[in-house]
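Asks: Residues or ranges marked as domain 'HPt' in TrEMBL: 3-103, 148-258. Annotated phosphohistidine per TrEMBL: H46, H194, in sequence order. The domain 'Histidine kinase' feature in TrEMBL is assigned to 424-657. According to TrEMBL, the domain 'CheW-like' annotation covers 659-803. Annotation source TrEMBL lists domain 'Response regulatory' at 829-945. The 4-aspartylphosphate annotation in TrEMBL covers D878.
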Amino acid sequence: MHDQELVEIFLEEGFDILESAAGELQRWMANVDNSVELEALQRDLHTLKGGARMAEIRPIGDLAHELEYLYEALCAGRLRASSQLFGLLQSCHDRLAEMLEAVQAHRAVPDGTALIEAINHFRSNPDEQLNVPSSVSLQPLMDRLPLLDEPAADILDIFLEEADDLLEGMEQALGRWDAEGDHGALDELLRILHTLKGGARLAGQVSLGDLAHDLEEHLTDAQRQGAPWPDSLLLDVQSGFEGLQSEVDTLRQRIDEADAAVEAEAAPRLQEVLEQPELPEPIEAMVRAPSLPGGALMAVAEPVRSEAPKVLPFVQRAQEAAQAAAARRAPQELVKVPAPLLESLVNLAGETSIFRGRVEQQVSDVGSTLAEMEATIERVRDQLRRLDTETQAQILSRHQADAERAGYEDFDPLEMDRYSQLQQLSRALFESASDLFDLKETLATKNRDAETLLLQQARVNTELQEGLMRTRMVPFDRLVPRLRRIVRQVAGELGKQVDFIVGNADGEMDRTVLERIVAPLEHMLRNAVDHGIESADVRRAAGKPEVGSIRLTLGREGGDILLTLADDGGGIRLDAVRRKAIERGLMAPDADLSDFEVLQFILEAGFSTAEKLTQISGRGVGLDVVNAEVKQLGGSMNIHSDAGQGTRFAIRLPFTVSVNRALMVLSGEDLYAVPLNTIEGIVRVSPYELEALYEGAAVDGHAPRFEYAGQDYELKYLGDLLNNGQQPKLVGQSLPLPVILVRSAEHAVAVQVDALAGSREIVVKSLGAQFAGVSGISGATILGDGRVVVILDLLATIRARLATLALHTQPRRALPSAPADSEQLRPTLVMVVDDSVTVRKVTSRLLERNGMNVLTAKDGVDAIAQLQEHKPDIMLLDIEMPRMDGFEVATLVRHDERLKDLPIIMITSRTGEKHRERALAIGVNQYLGKPYQESELLDSIQELVKAHV
């Protein structure tokens, strides 16, 4: 029996491998001397073979195995390329693609024996004429296969699709009824049940239709009685929903079993046809019939049947419901885009914004230059006017002197213009200045047009970046039904009554973040129901409602997504945590630790206060896993517990943005960017008032407080928050200084800065793993002039500072060192190095299921890079990988002083004695073949890790 999840993983990888191999084959056939493509083909087929055998699809593994050895012989030069070989290779690749398609469609896998025989014959006799087998005609087989009732099969398939949509809508309506008391949900439930009942009866599923009918009648009676409805009604409907879901799942399982039976019956007949010595006139291309829901091949009969297809007597109302459901299911055209490509497009859009910013800076500089040019032209004009005045005065003076010498008076300059050379030059300069002014105006107009175009381009670029970011965003409410089901199931197993409330589920999260946060949320909900919510008797004795409450809220706080999970249970028992910590040697019995510090112990690996192990909790996989996952996402988790009142977990995750608006601030000579979405307001405060606040706080020994608009803020200087040694410059200041107001759910702080440098659009760039642990820094940006500016997360800086202060608020003794055997309490860390994603995922799932932590590397180079930062307890290593093979990795490990004792298990399909001897000579501890036995691998890991410790 195939593992369906494993098969799906293999199919995804297999299609990618064949697509890559097809391109490599074409490039090699175009240039047979290109050994690089041959080596790539050999690696691809090796990976495909390993994945197929891991997924237990032997026909694909066998054909890929023979094809791999054929490419190996070509690489080594033992065989030569020829046109007939090209035909054989293309036939093999086509058959592999047909095999994958058959597995995906749940059909019988085509046989590859004839092609394997052709490959072996070519390897043995490369000079003989190669007879590439043509595709087998399936007509004799198809004539023998029984016909399915095609209309019934189609209707059943359509009904199952519609039932999934209807049940999903029913669960959402139940969630709204439960959370908000939405009376409109009852009408929606009645519509859904009516449609489901009609579809089930038309598809011949009488029991399912009767169950939907009974639930519909029950709700109709309640609707007649009117609100308010008893609480038992909701419980009845939820129970009925689970019954409907179970019926649909059972129906789907029966269909799958029938498909398997049909395939099992068809396989011997197919083999019988394939083994016939002579096939009558085989066709050149394989005829593939469309697959039916039942998984069988549809018979092709000659001549085509002329009778009209059977049409079931649908009632009009059911037809309309089915058409509406089909319209809802109408698939939109989707394109599967690799995540790295999407990430690259986001980065390129960010680079475009950076370049646009530099162009904007230069356009702004041109505008400033034109303003200076205008001022210069005005100065030239003024100087020319003064020059013209002086010239006119000189002319009048010369005319008076000439008249006195001549004894008579000629026309004076005011009565008749006479120009000297100097006057002509002066007038020409006036005209040139006027031309310069006109030229400046033209340039200014062009510059304004450029600014308008840049503004339009900025708008389009912002929409592009936001669109790219939205492709990764999914609504959180997709996760809500799954979480409700977990709470309902756990509460039912424990006999508790729990009300699960979700707030702001319409918010969106990054798809990757959402997928990775599912498991931590599920674990925390199980803990809340099991450990947090008390039994009904205990709650009654404590004066609480019998029904416990768990509230999950999604919100935005500045640049973070804030997930808050709170319950009204008994809270975390600090005495039990303290006692368990002492038992495990994490604290001394006489250590005086604050409640805040004691709470941190529940984040230790394997820490649990459960008195007995159950299927729900107490399995040693605690909040340390949740905390580690949150930290890997760049977030943080805070815990607050009140005895008898409940517990609240606040998880902060960074909201993925690539472009943001930010305020540029100065602290001393340093420029920083503060995102506008983290700022509540900006005020200007007199330096004398700030000085008085700082001095008063120094005298009282308390942090300075600043009040604005009736709100109280803690006053901090930015240089003090950043620990850069700078002090506020208040002496000699006469103008008010800017103060930035920031607020979170827990803190309100006024941050004084030295100056503001305006706001602008910034492109957020990651600072890399080296700065990931530095609190208060969310990234960096590049300004138009090329300067790199750090982006501050003021709220994170304030939280980290307050947490540090909380650790020092109470005196405490130093913690003793943990005992030597505490290292054994940590889960085993295993590094899996394999170029096949199928092998990595399957092996990781096996190890994690057995309580181990896993690091994965896609090849030797990736493994060596990760070994610089991590030291695993054991390594599982493949041999044949791109860039660096397993032998090279093992050699480097054995010559590294820090890693030389690291246990290595080599797992490969190369089970020959030569490879085994080479591995053992390098220093590999154990050598296993693929596919491996799970029990053997687990025993080997346990034995080697124990011996190493």
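We count from 1, first residue shown onward.
Positions of Cβ are set from backbone N, Cα and C atoms, glycine also.
Structural setting of the listed features?
Replies: Under DSSP, residues within the domain 'HPt' (3-103) fall into helix, strand and coil as 87 helix, 0 strand, 14 coil.
Long-range Cβ contacts of H46 (phosphohistidine) within its own chain (separation 6+, distance under 8 Å): A64, E68, E880, S909.
Take the CB of H194 (phosphohistidine) and look out to 10 A: across all protein chains shown you find 17 other CB atoms.
In the predicted model, residues of the domain 'Response regulatory' (829-945) average a pLDDT of 88.
Around the Cβ of D878 (4-aspartylphosphate), the number of neighbouring Cβ atoms within 10 Å comes to 28.
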Asks: With the domain 'Response regulatory' (829-945) as the reference, find which of 3-103, 148-258, 424-657, 659-803 contributes the most Cβ pairs under 8 Å.
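Replies: Ranked by Cβ pairs under 8 Å, first place goes to 3-103.
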Asks: Could you measure between D878 (4-aspartylphosphate) and H194 (phosphohistidine) for me? Cα positions, answer in whole angstrom.
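Replies: Between the Cα atoms of D878 (4-aspartylphosphate) and H194 (phosphohistidine), the distance comes to 57 Å.
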